[in-house]
């Protein structure tokens, strides 16, 4: 249909401000990538051949690919299954289960990893890595799918039932296609995180591109080895983005009708109730109870000797401030991109949106490395300052803010904007009085996700934090790297406690409809 | 002076032309309906007038002020045009009062009296002011949407199929309230609709759009009695269309010799009658005899579907009492004149053939 892109173009001509802002955001996020490309060109073809075409890289490729593939499949199955049970069935305690299923987001992957490996030292295998990473990341699929289930119009299911489809056929032919955008968005997020995961895998001694780049960087600081490996990693990421783009197609699903969608009648599970409850209990047990239990044990064992309350309080304050600032900055940056990706869907806006994903998929270590180098070479006065750290956070976590914002825009018709304009409201006024309030749940979800991510961000902070600035994650890392598990525990506990309110907020927003 | 003048407006989306040169003058005060089948471009025209989109060519003037033209496009929020979308489009995050007061200057927004006044204007209880939009019925949502559009006292109000989502009982009542509120406010209104009954009963002027073009602009009676062509005729109401041979100001048709409503050159023509012009009687009571094929009973009247022995089928409107049954034979007489449409390029049939 020729309508979409052309409408989009005329829409763009009429709204140049969001476009300029989105372009600026995309440019910032692409900065590290540009740095990699430039460095790779500097290395030259013979250098690349020497650094890339060797057995070690093949081994890393295999390790990385099977971990990403396995994690995405497991997360998709767990996320959709859990979301369906919580949203569409008459399972007892659905509200509680929902909170418990979002809660693993409060435990950083490297803490989960520490919790498991400090109890079961034999987990340094593929299966171990798959287990730890899946348990840490499945809520990224679960959350958007829950929201999508909630946004489904039950009238469609009823119509399909009326046409003689069975329950399973309704799920496959009516619900699943509508969940596709959410499922693919969540899966992409999981895959990108696995590609960039450093702490958890380093702790399990499972080598992927990211851990290899870190080791290379530690060995040779800013050497060509790290940047060429990062180049390969970026190519992997590009392949993922293209695959998602092809699978998702061009169509968004918006409910155009006014008013609130009715909620459907929950499915009665009957004899399957007990097995379903058991399955959820096992999932929550593995993703939440084991890590927290292990953490608690270490806290009790270690606190008698190693706890320094003063350092803990200072570190907590620093972390809080950084996370709040980063959440505000990043969400503001996500708005124009998320908005345009829906309202002016077209080649250019898709490119801008994809650019931010691409920029964010660069591992934190390389983003940090790029920003350090650029800061020293181009803007020495910002080297080792908070703005550079915030820029790194923004580049890293923009997709977390864009995905919910975009979903929110997808489900709020453009009509409201038009009506407000006809009532004499100017563009900035419309933004304040209509757009932002309507998108508030999506914006809130995005900000919470960014806040969570920053509280527990490790790699970029290790490299970019101004001298003397210690966050909970870096303090935890230095203690646990020295195998002082007891000393590390209090920092991990505070990280979890800090993340918890944001996680509850997130689950609450999703309950109201994360994206409407 | 006309409140709205649209001149030669065209608009395409990609290679699909939607409007292919629309000229429209809407007089001040009163309600003009834009009537057309779905896909004829009427909603697009409304969006161009409102300023949500720009025309490719042509101009749009409001009260003599150019708002859209080759080098000029006044933003929607500066046009001062009220807009009532399908299904109301009430802001879900605001109460009824918040919605109605949305377009008021900041100082007046807190003024409950003004909101109450506006709700009264559209026939709603001011006690609804604190409700949320989703607590209202469809008809109430539409009225609130109208109150919201009228609040900033626009000189022009656009209504985009505002009644299509309401059920029949609510629709009539809401239409009435809307017409009253519009005339009380003195605003000029343009109503988009695909429902000819709605256009004829509500509007002072009806503009018929077809395939991106304005076909006819007339008051409802003229439109119904003297449609420009047979397409318009059948679109604005039920029609009886017969082949006829016109000679000396009379049409020789299967329903007999009919007087004509207007001059027509001799030769082949198609003539238009309305079903209510046909009277049915006992066979042999004068006029040709037709066989009843079926009866659609509506209560106040009925549609009787008929077929002549020579083949043509048509319908008559009959009062609810004394209806024939399927299979009966009835005589058909015509009251009033027929409207002729010459068949262009046809050769007159020589005498004696018919």
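Placement of Cβ uses the backbone N, Cα and C atoms for every residue, glycine included.
Predicted automatically and left uncurated, TrEMBL annotations should be read as such.
Annotation source TrEMBL lists transmembrane segment at A:20-45, A:65-86, A:98-117, A:129-149, A:181-204, A:224-243, A:277-300, A:320-342, A:354-375, A:381-398, A:438-465, A:485-506. The domain 'ABC transmembrane type-1' annotation in TrEMBL covers A:61-246, A:316-506.
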Q) How about the transmembrane segment (A:320-342) and the transmembrane segment (A:381-398): at least 3 CB pairs under 8 Å, pairs 6 or more apart in sequence, or not? A) yes
Q) Hey, would you say the transmembrane segment (A:20-45) packs against the transmembrane segment (A:129-149), going by three or more CB pairs under 8 A that are 6+ residues apart? A) no
Q) Apart from its near flanks, which chain residues at least 6 from the ends of the transmembrane segment (A:438-465) lie with a Cβ under 8 angstroms of it? A) 105-106, 108, 110-111, 143, 198-199, 214, 319-320, 322-324, 326-328, 330-331, 334-335, 338, 363-365, 367-369, 371-372, 384, 388-389, 392-393, 396-397, 400-409, 412, 416, 471-474, 477, 495, 498-499, 502-503, 505-506, 509-510, 512-516
Q. Of the listed stretches A:65-86, A:98-117, A:224-243, A:485-506, which one has the most C-beta pairs under 8 A with the transmembrane segment (A:277-300)?
A. A:98-117
(Q) Pairs 6 or more apart in sequence, C-beta under 8 angstroms, 3 or more of them: is that satisfied by the transmembrane segment (A:181-204) and the transmembrane segment (A:98-117)? (A) yes
